[in-house]
Structures are given as structure tokens and as C-alpha cells.
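Peer 1: One structure, as C-alpha cells, below. Some questions next.
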């Protein structure tokens with residue numbers, strides 16, 4: 001069969017699968033029964049917040065989607081997730097969430113007793129059992145139902161038995177409260193009555209069929225089986241291992257009522273808000289365990305009544321990533337697909353979205369009664385949107401770093417070094433040695449001996465600053481405690497606590513960070529301390545590993561880098577002015593949406609945290625530090641962090657435009673993206689934006705200083721594009737940058753009557 005026919009057939013099957021009128025349309029075509037599982041995947045992780053990660057970062061579980069009747073929509077999708085730990089101990093209250101009451105598996109007749117093996121006779125497989133078996137793999141499993149009369153035994157292949165058991169968290173020796181594997185490899189439940197007096201569970205004999213799962217097979221053509229390479233469906237026409245266990249488990253007792261409220265984990269996990277990360281209280285051990293059981297416990301929601309579903313792919317193959325489910329009360333649940341399967345889930349959601357839209361048109365159901373938003377983000381950029389030198393530089397390693405040092409220890413070819421760091425970053429093993437150069441604590445012309453002498457001198461100065469702080473008068477100390485120390489003491493104990501370097505009670509590294517921040521407030525009282533500075537100091541201390549050196553690196557960061565946490569309003573306003581102009585130049589549609597929102601939209605509240613905390617809370621630490629290094633390299637601009645902001649908007653801001661989000665919704669949209677954006681993708685896009693900006697033959701005078709301070713590098717002169725005046729210079733008759741105002745032609749004047757001239761008319765920018 002050709003690939004086109006295969007995909008069309010797969011699409012047809014998906015339409016049958018997701019028909020919003022369970023029970024069929026009477027045309028004889030196959031349909032999905034109420035409660036039918038249509039997607040399942042094991043080892044889908046839930047990650048607890050920082051305060052609970054000491055009890056384990058990864059909490060894998062079993063996730064499935066199944067159909068359920070809905071009075072308003074006809075049918076809806078139910079998402080259920082059960083932690084592997086509860087499956088392992090056969091927690092029936094938890095298992096009922098992934099095999100609902102209406103499921104045909106639940107309604108299937110169960111054997112009342114064990115079938116004893118005939119003495120001296122071994123079980124011989126019947127011709128029916130010799131048919132090709134369907135293997136539930138540890139990869140993603142999509143279950144497609146068919147109405148068929150024949151019976152067929154479905155079991156894993158022998159080589160997959162151990163893999164299946166491990167994927168479900170089943171050990172070789174099973175205690176009585178855990179599931180066991182039958183010879184066919186299907187998980188089965190052992191009731192307390194089946195346990196022997198010695199406390200050991202009896203192993204099923206070869207002739208026992210108690211742990212087997214029977215599926216109907218008649219009418220299923222060979223063409224209905226989709227290859228895993230089709231990127232559409234995998235493992236069709238089979239029930240999941242958990243459903244198999246529940247189908248034949250005679251010891252299981254299910255509650256017949258399905259009206260219990262959703263798991264308390266709905267309210268247990270909130271996404272980071274616009275002002276900071278989730279502020280997790282400090283629990284004692286019993287409270288931590290209880291909170292963990294709530295957050296990482298059974299989770300079940302009706303996807304048809306959620307606010308949004310978002311899929312974030314994190315790998316180039318677009319199989320792994322995160323699923324973020326948001327309720328209408330703006331509560332979030334994040335599921336991590338570390339081992340693939342997210343692409344298949346995306347196929348299911350897209351088909352469901354299409355069917356739902358068709359159903360809404362037919363029944364005229366209000367859109368606000370269903371899932372309002374659905375989006376997919378894939379980490380790919382077209383080749384036309386990448387810097388031409390993107391793949392030419394590798395990460396700066398030890399050997400490459402040593403090649404830049406001469407015999408005296410001086411850094412040679414500084415421009416090439418900064419360019420290499422801009423494109424490739426720095427290896428973790430040498431960050432502590434290279435960062436002081438980027439932060440201008442060390443001069444590139446300094447020798448090794450001069451740097452050692454500088455360290456001794458700066459250590460003495462640091463000691464004097466600390467002594468000045470400790471020798472304050474009582475009145476000075478009270479004022480200092482009220483204005484600085486109180487906030488510092490509150491912040492340092494919750495900064496980067498998931499980092500091993502700062503983890504644990506009475507950690508001396510936390511005290512070092514505290515002293516650095518307090519001493520900096522004494523060293524620079526005009527700046528003092530503002531919330532967020534601890535987020536900047538912590539990574540530097542963890543890499544430099546010396547309190548005095550870290551202090552002076554932080555001083556260099558605050559003095560010589562625009563990419564800092566600044567408490568002054570005028571600095572933030574300057575950053576926002578540049579960012580608005582960049583968006584006007586590079587992303588016209590988004591800028592026009594901001595203008596349509598008025599002054600609130602142009603304030604761009606969604607990006608304030610990006611600028612104040614240097615993206616520390618928007619990306620995982622490894623990616624955030626890569627962004628820091630690219631900004632510290634000062635390659636071709638001192639404002640590369642603004643290009644990072646534009647890149648985020650360009651990649652993740654389409655939903656804002658398409659859905660015409662208001663200011664508060666836009667703030668929520670970008671806040672929800674925290675820790676789910678692809679840092680490498682954003683970096684590549686930002687480098688491309690900078691490259692295209694440098695190619696512009698003319699720029700608005702409002703962006704004249706964007707690339708002025710970084711120097712010309714190896715060239716005799718810097719970039720000198722023509723400057724076009726924007727005309728916004730109150731109190732000045734002429735443009736201070738020598739910009740010229742282009743006189744419009746009569747033709748453009750006639751066109752101007754039809755509407756205002758957009759930035760896109762004045763500046764050509766290759767997207």
C-alpha cells in the first residue's frame with residue numbers, strides 16, 4: 001500500500017476513533033465505545049516543585065486518554081495519570097481512573113475462579129492463539145477499538161516481558177500487594193485470597209489463562225495496522241498493559257460511582273506567576289510527604305472543559321517534551337515525556353480538535369464551553385532564519401581555551417574568542433576560569449602573575465568592605481537591616497535550592513552568597529539590594545567557587561554590563577524603548593497588536609521579568625547560562641538580550657496575535673511558557689535576528705546606539721548604516737543622530753490616505 005493511501009486510511013480510522021457520537025452513526029462504520037482508551041503511555045513524569053524535589057525529581061506514571069459521553073459535546077476526552085508507585089501496589093482506587101466504569105474492559109465478564117491445570121497435561125496453544133500477537137511496547141501505545149466477533153489472544157513477545165515489567169515498575173519477586181506477570185507477559189492482579197499461607201504469591205501455571213487478555217480480531221484487515229514510521233499511530237487494536245490487568249483481575253473491586261471530584265492535585269501545582277517562581281513553603285518531613293502525594297498523585301480531568309492544552313517539543317525529532325494542561329481557574333499540570341510519545345499524542349489532539357470544531361458548528365455550542373486554546377511548539381527554524389555561521393563553532397573547551405593563552409597567560413585574539421563564545425558557549429569545566437574575563441574582573445591583557453596579584457589585592461579590599469559592614473553603629477545597623485538585610489536573608493534561603501551547591505540546611509555556600517549580597521549593598525549603597533540579585537550571584541558563585549572573586553565578578557556584571565538587574569526606572573524604560581522599536585522593525589503584526597492595546601500593551605509587562613532576572617526563570621539553568629554567556633560576549637552588540645526577547649516573541653507569540661489576547665492574558669501566556677521554552681532554539685533565532693539587523697541599509701534613529709558600544713572587532717570601522725529619523729525628538733529641532741526624514745512622494749501621499757504607513761513599508765526585514 002502506498003504511503004498516501006496509508007495516511008488517508010489512518011486519518012479515516014482516526015475520524016472513526018474520535019467520532020463525537022459514541023456508538024456509531026448507524027452506517028455500519030466502526031465507532032468508539034464510551035470509555036474506550038485511545039492513547040496510553042507509561043513513564044510519563046510529573047516533577048514536583050523545588051521545595052519537594054529532595055524526595056525525588058522524577059515521578060513516572062501511566063497516562064491514558066479515553067472517550068466519555070458528554071451531554072453538551074456528545075463526547076469528550078478524559079485524561080488520567082496514575083503514578084507507577086500506586087500501580088505497582090495495585091491501588092484499586094487509583095486504577096479505576098484509567099479504566100473507567102463505562103469501559104468495555106470493565107464490563108467484560110471475569111472468571112469466577114482459577115482454571116486448574118489438568119494433571120499431567122501441558123497447555124497446547126490453539127490455532128487461534130497462534131495468530132500474530134500484538135506487543136504492548138514500552139514506547140507510546142495508542143489503542144484503537146474495533147467491533148469484532150472473533151477472539152484473539154494478545155500478549156507481549158517473550159523478549160519484551162522483562163521490558164514491560166520494568167516499565168510498569170514491577171520487580172522480579174512480587175510481594176502480595178503487587179502485580180504479577182503471567183507467562184504470556186500480561187500484568188495480572190493477585191488478590192489476598194490467592195496468597196499462600198507462607199505469604200508468597202503462587203505463580204500462574206502454563207495452563208492458566210487468568211492473566212491473558214483476549215481481543216476481537218475478525219474484520220481487522222492487514223491494511224488497518226499502521227507502521228510506527230508513519231508518524232500517525234502505533235500499536236493499533238490493542239489494549240494497554242494496565243487495561244489488560246484490570247480486565248482479568250478477579251481480585252479487583254471497583255467503585256461503581258464515577259462522580260468523585262478530580263484529584264486534589266488539580267489545585268496542588270500552580271505555574272510560576274509573573275512576579276517569580278512558585279514560592280513553595282518550607283515543610284517538615286511529614287508535610288513534604290503529604291504535599292508530594294497530592295501533587296504527584298492521581299490526576300484526572302475532562303480535556304473538553306480545560307482552558308488550554310499546549311505541547312512543547314524539546315528535541316529535534318519532535319517526540320519528547322511537555323504537555324501543559326491549564327484549567328479555567330489558571331491552574332496548571334505539566335507532564336514530561338522524556339521517552340518519546342508526545343508526537344502521537346499531538347496527532348490525537350489535532351484530530352480531536354478538528355472533530356470538536358465540526359461538532360460545535362453543527363450543534364452551535366458556545367466556544368467558551370469547550371477547550372479554548374490548543375497549540376503546538378516545535379523546536380525547528382527554517383534554514384532561512386538561521387545565522388550563516390551557526391554551525392561553524394563548537395563549545396569552547398579546555399584545549400581551545402588554552403590555545404587563546406600565550407606563554408604569559410595573556411588572552412590573544414580576543415575578538416575571535418568572544419565570537420566563539422557567542423556561537424558555541426563555554427564548557428562547564430572552564431566556566432570558573434573564563435567568566436571573570438567576560439565580566440571584566442580580569443583584563444584580557446593581564447598575565448597570570450598579574451591576575452594572581454590582583455586577586456590578593458581584591459581579597460584585601462573585600463575584607464575591608466565586610467569589616468565596614470560589621471562595624472556599623474546600632475542605628476546604622478537597624479537602618480541597614482530594615483532596608484537591605486531583611487530582604488537578603490529572605491531571598492538567599494530560597495535561591496537555587498535545587499542546585500546541589502546550595503542544597504541542604506546550614507549550607508556554607510548559602511552563607512557566602514548572603515555575605516556577598518550584603519557587602520555589595522555596602523560597597524554600592526546607591527544600588528543597594530533589590531530582589532533578583534541573588535539569582536544573578538548564585539550561578540557565578542557556583543562556578544567561580546571563591547567568595548571574593550565572585551563578589552568582584554558581580555561588581556563587574558553590575559557596572560559594565562547592560563544585561564543586569566537594575567532597580568532604576570529610567571534604565572528599564574530605555575530597555576523597553578529599544579525593545580519596542582525592534583519589534584516595530586522585525587515583528588510588525590505583534591507590534592501592531594501592542595499598539596491596539598494602548599499604553600498598557602506598550603508597557604510590555606510580560607517581558608519585565610525577562611530583563612530584570614536575565615531569563616533566569618524562563619529557561620532551565622543550563623540554557624539560561626548559555627544565554628548569559630552569549631550576552632556577555634558582547635559580539636556585535638551590547639544589547640543581545642533584547643534580541644533574545646524578540647526571538648521569544650517571534651517563536652512563541654503567534655498565539656497572542658491569533659487570539660488577540662488582552663494585556664493580562666498576554667502576561668499569563670508568556671508566564672506559562674516559563675521553563676518550557678527551548679533555549680537553544682531561542683538563541684539561534686536571536687543570532688539570526690542580530691545578523692539581519694546588521695544587514696539593514698538604514699535603521700531608525702531610535703536604535704542608533706544598539707550596536708555602538710561593542711566596538712568594530714577586527715574591522716577598521718564599525719557598522720555604519722544610514723539613519724532615518726523617526727521624528728520623535730521633543731525639544732530638539734533636528735535629529736541628534738543626524739537622521740534624515742524621507743520625503744514622501746505624491747503617490748505615497750495618496751496611498752497614505754488609505755491608512756497609516758506601517759514599519760514594514762519603511763524597513764525590509766527578512767523573516
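Every residue number used here counts from 1 along the chain in the order it is shown.
Cβ coordinates are placed from backbone N, Cα and C, and glycine is handled just like the others.
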Peer 1: Under Swiss-Prot, which of the candidate ranges 1-46, 47-92, 93-138 is annotated region 'Disordered'?
Peer 2: 93-138
Peer 1: State the residue range annotated as region 'Disordered' by Swiss-Prot; the candidates are 169-228, 229-288.
Peer 2: 169-228
Peer 1: For the domain 'Rab-GAP TBC' (425-635), what's the model's average pLDDT?
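Peer 2: Its mean pLDDT is 92.
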